[in-house]
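As structure tokens, the structure follows; a few thoughts come after it.
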Ligand SMILES: NC(=O)C1=CN([C@@H]2O[C@H](COP(=O)(O)OP(=O)(O)OC[C@H]3O[C@@H](n4cnc5c(N)ncnc54)[C@H](O)[C@@H]3O)[C@@H](O)[C@H]2O)C=CC1
Ligand SMILES: CC(=O)C(C)=O
């Protein structure tokens, strides 16, 4: 059921073409947001936007490589022009290769940080510019991870980006509060998406083990004894995007089924 408090508001979600981003876009549309589905894979983003529109929501798809600052600014501008405003930016897009310490190369380091950390910084910057031009504050929501809370096997580079995103979230919260902007993050656990399944396979293959062994390296200590659905994460982001979280900023909400206990 939609929330009358967000009707007429606009959300820009990166990585909305599949996985967690798709679930976030669909949930925010159900909540009542008009949604800009931003993704490198424009065909996938179009499918998500078409599905939202067919279900009575309002959505567009925009092609973006979040590692390219100009593309992020241009697609945020396109969102404002086509949907009539902007209130929430979800910096969800990311890549997650497994990187055994001795196999890390400068190329993979730069690529993962450019997308995961650069994409978050450019999304924050573009959101601030749009909110200021529109004359109001807003909400910025960044994708961290349980792997941004504790070190995970073979994820030194990816996990490093997720730790970085928590720190960026805290600093941005402090720096942007005077503009009426809150900045928070979400830390999913082991979510059934192509990214996670890919990591599990890479870890298993590197160890010469079956896929299930690789997945279990990450999923064996989930208190609730089930993998996360993308919709579990979208429910957390729905809270962060809505007015009930207005008094929250600089936080990284852990939505992992009970893996990390701070
Ligand atoms: N799947 C999991 O278990 C977890 C995922 N996360 C985080 O959640 C976010 C989403 O992850 P998933 O849905 O699992 O990933 P996914 O790989 O299933 O989907 C990622 C989406 O982002 C898009 N994308 C990738 N690089 C892009 C770029 N440079 N510019 C624009 N779009 C780009 C892809 O086309 C894809 O549609 C990521 O930030 C990830 O780090 C955090 C914790 C756990
Ligand atoms: C992909 C990810 O963020 C994990 C394993 O927590």
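Every residue, even glycine, has its Cβ placed from backbone N, Cα and C.
Because TrEMBL annotations are produced automatically, they should be read as predictions rather than curated entries.
Note that the structure is a prediction, hence the values are computed from the model and not measured.
Look at TrEMBL and you will find 158 tagged as active site, proton acceptor. When other Cβ atoms within 10 Å of the Cβ of residue 158 (active site, proton acceptor) are tallied across all protein chains shown, the result is 25.
Look at TrEMBL and you will find 18-20, 39, 65-66, 92, 158, 162, 188-193 tagged as NAD(+) binding site. Listed in sequence order, 13, 14, 15, 16, 20, 21, 24, 143 are the same-chain residues six or more apart from residue 92 (NAD(+) binding site) with CB atoms under 8 A from its CB. In the three-state DSSP scheme, residue 92 (NAD(+) binding site) is classed as coil.
The two recorded residues, residue 191 (NAD(+) binding site) and residue 158 (active site, proton acceptor), have Cα atoms 15 Å apart. Cα separation, residue 193 (NAD(+) binding site) to residue 158 (active site, proton acceptor), rounded: 16 Å. Secondary structure from DSSP puts residue 191 (NAD(+) binding site) in a beta strand.
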